[in-house]
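Inspection log for the structure reproduced underneath, given as C-alpha cells.
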C-alpha cells in the first residue's frame, strides 16, 4: 500500500506539470493570432470546453463533493485562471461576428449548465449521490474536451496539412491523458480515468496524423504565400496567360 500511495502521489504531481504545459501550450498559437490580428482557421471551441472542463473538475474535486482530490483541485483551479485568457484573446480576433456569436453562445450555455449542476448538487443531493452526479457530469465534459479537436483532425485529413494542429498541444494532450489515467487507476476513480483514457487515445491519433502529414505543412504554407503574393500584385492566372507570348506566334 505504501508503494501504491507513493506512485499515486508521484503521478498526481507529474499530472499537474503535464496539465500546466497543456494549458500553456496555446501561447505560441495566440502569439500568432495577436501578430496577425486574426484567428484564421484555428477553432475556439477547444479552449471554451477546456475552460468549462476545469470548472467541472474543480467542482468535482472539492472536499464536500469528492474528498482526497487536492491535486486535482490545484490544477483545475489553475486552468480556470489560464483558460479565460485564451478565450478573451480569441473572441476579439475571430474572423466574423458569426464565429464570435457561436463561441459566446457555447460559453454561455456551458456556464448555465455548470450553474445548474452546482445548485442541484448543493441543495438536492448529498453524500455519495452528490459525488456520482457531479462525477458523471464532469466525466462527460472531460470526454467532450478531449473530443473537441476532432474538427481539427477532420481538417487535417481534408487539407493534408497540420498547420492548424500545433504539435506541442497534441503531445501534451497525449501525455496529460496518460498521466491522469495512471493516477486515477491507482486511486480507482472511474470519473477521472475514463475521460483521460479516451484523451490519451485521441492524443495518440493526433500524433499519428501529425507524423503522416508533417511534411505537407511547408508546402501548403508556400502555396498559400504564392497565391497571396499573386493576389497582391494583381497577377491572376488569366493575366499571366494574357501576358505570356503564344507558343504558336510567328518568330520574326
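One is the number of the first residue shown, and numbering goes on along the chain from there.
Quick reminder: no glycine exception, Cβ is built from N, Cα and C everywhere.
Predicted automatically and left uncurated, TrEMBL annotations should be read as such.
The transmembrane segment annotation in TrEMBL covers 6-25 (among others). Through the fold, the transmembrane segment (6-25) approaches residues 50, 71-72, 74-75, 78-79, 82-83, 166, 168-169, 172-173, 175-176, 179-180, 182-183, 186-187 of its own chain, all at least 6 residues removed from its boundaries and within a Cβ separation under 8 Å.
Per TrEMBL, transmembrane segment is recorded for 45-65 (among others).
Taken from TrEMBL, the feature transmembrane segment covers 71-94 (among others). Long-range Cβ contacts of the transmembrane segment (71-94) within its own chain (Cβ-Cβ under 8 Å, at least 6 residues beyond either end) map to 9, 12-13, 15-16, 19-20, 23-24, 26, 30, 33-34, 37-39, 42, 44, 47-48, 50-51, 53-55, 57-58, 60-62, 100, 103-104, 107, 183, 192.
Nonlocal intrachain contacts for the transmembrane segment (106-126), taken as residues 6+ away from its ends with a CB within less than 8 angstroms of a stretch CB, comprise 45, 48-49, 51-52, 55-56, 59, 65, 87, 133-134, 137, 141. Under the heading transmembrane segment, TrEMBL lists 106-126 (among others).
Tertiary proximity for the transmembrane segment (132-153) is limited to same-chain residues at least six positions away from its ends with a CB under 8 Å from its CB atoms, namely 43, 45-46, 49-50, 52-53, 56-57, 59-60, 65-66, 110, 117, 120-121, 125, 164-165, 173, 177, 189-192, 194-196, 198-199, 202-203, 205-206, 209. What TrEMBL records for 132-153 (among others) is transmembrane segment.
The transmembrane segment feature in TrEMBL is assigned to 165-186 (among others). Long-range contacts of the transmembrane segment (165-186) within its own chain (CB-CB distance under 8 A, at least 6 residues past either end) are made by residues 4, 7-8, 11-12, 14-15, 18-19, 21-22, 25-26, 28-29, 71, 146, 149, 152-153, 155-156, 192-193, 196-204, 206-207, 209-210.
Annotation comment: TrEMBL describes 192-213 (among others) as transmembrane segment.
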